[in-house]
Structures are given as C-alpha cells and as structure tokens.
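Over in Swiss-Prot, the protein carries these features:
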{"type": "DOMAIN", "residues": "1-88", "note": "domain 'GST N-terminal'"}
{"type": "BINDING", "residues": "Tyr7, Trp8, Trp46, Leu47, Asn48, Asp49, Lys50, Asn59, Leu60, Gln72, Ser73", "note": "glutathione binding site"}
{"type": "DOMAIN", "residues": "90-208", "note": "domain 'GST C-terminal'"}
{"type": "BINDING", "residues": "Tyr116", "note": "substrate binding site"}
Amino acid sequence: MPVTLGYWDIRGLGHAIRLLLEYTETGYEEKRYAMGDAPDYDRSQWLNDKFKLDLDFPNLPYLIDGSHKVTQSNAILRYLGRKHNLCGETEEERIRVDILEKQVMDTRIQMGMLCYSADFEKRKPEFLKGLPDQLKLYSEFLGKQPWFAGDKITFADFLVYDVLDQHRMFEPTCLDAFPNLKDFMARFEGLRKISAYMKTSRFLPSPVYLKQATWGNE
C-alpha cells in the first residue's frame, strides 16, 4: 500500500521529502493542498482535513505509512532515512547528519524570513553580502567527500541539496566560488532515480514559497 504525503502544492518543506521518496523507490501518493489568492489566502482545503487525519500534531507536511503517521518535515525525513539505512552508519557520520539537519533549518529560516518580508528589497543586499560566508561553511564541512556525512549518501544530503538549490535559484552565481558544492549538486542531480524524477510531471521545483511571499511565490 503506498504511503501518503500531504503538503501544500508548492516546493517548500516537501521538496527534500519528495526527492527521498523517489530515491528510495517508495510507492507514494500525494495530497497537494491549494491555498487561495490574496487577500484572504483561503486555507480551507487543508483545514477541512486537518483534524480528520488522526495526527498527533496536525500540520503540513504529513506522511501516513500504514499505522505510522508522522508530521514535522525533518521527522519525516528521519523516518524514511531509518527505513532505508540513510542516517549514517558510524557515530561520526550520525553526528554530521545531526549537525546538518539543524544547520539547514537555520539556513532555510534565514532565507524564508527575507523572502516573506515586506522589506524584501531593503534587506536583500545585506542577505547577499553574508551569503558567501554561509556557503563557505558548507563547503568546508563537505571538504573532499562525495557526500556530507562521508562516502555514502544520507538523508541530510537531500536537505542540503534542497537549500543550496533554493539559494542558487535566488542568486545563480552563489556557488561559483565553491567547486566542491557545485560538484555535489551535479552528483546529486546525476543520481539515476533523481535524474529520472526531475524529468517527470510530478517534479515540483517551484513555487518555493506560499503566495504570501515576496520572492519565490510563482
């Protein structure tokens, strides 16, 4: 029986999950909820379902896999990672995965705060000024390894790919100073299942954010 992934009909926090489902060849169905236009941004599609799914903490995204019902995007990724041995094999690898999971969320929040800001144009130059220092940390953490935890891919690579790709969409040249990050992106996109997924109609690279955002809402 396929699992069900519920989320808004955007990229958002669902992107890394969709990529991981595809990579692991997990049979899944999507419930994509649409949000209405301004000024009301009607959420009734989701609200009509929200308290009918028996979720402990009703929220989007959610994953339903038989009797297992998981919310919180990183918890979903960890759940899938455990099922498919993609959480790191050594203690050092698991530590690196733990660090990346939290670091990516920090990076994601910083970009989201900018893109949802009414002062987007005013704040954008400062964000771009600090971006190389942020990306340098990822570059140094990756080093010469093929994947962020080591020689084998983990669910953390799906998170890092997602957030780096969002930044590349925002500022196309931002990775040019970091050849190892560019190689990582190409390596990830070259994975057989990922490459195939990106050619399908299921692939949803945008909109990155919901309709209230100033950037990434289309």
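Glycine is no exception: its Cβ is also placed from the backbone N, Cα and C atoms.
Here the CA atom of the residue listed as 'substrate binding site' lies 21 Å from the CA atom of Trp46 (glutathione binding site). Note on the binding-site residues Asn48, Lys50, Leu60, Tyr116: the fewest other CB atoms within 10 A surround the CB of Asn48. When Cβ neighbours within 10 Å are tallied across all protein chains shown, the highest count among the binding-site residues Tyr7, Trp46 belongs to Tyr7.
For Ser73 (glutathione binding site), applying a Cβ distance below 8 Å and a minimum sequence separation of six or more within one chain yields Leu13, Gly14, Ala16, Ile17, Pro61. Separation of the C-alpha atoms of Leu60 (glutathione binding site) and Tyr116 (substrate binding site): 18 Å, rounded to the nearest whole number. The record assigns Tyr7, Trp8, Trp46, Leu47, Asn48, Asp49, Lys50, Asn59, Leu60, Gln72, Ser73 to the glutathione binding site, and the maximum Cα to Cα distance across that set is 21 Å. Tyr116 (substrate binding site) has Tyr7 as its nearest neighbour among the binding-site residues Tyr7, Asn48, Lys50, going by CA to CA distance. Under DSSP, residues within the domain 'GST N-terminal' (1-88) fall into helix, strand and coil as 30 helix, 20 strand, 38 coil.
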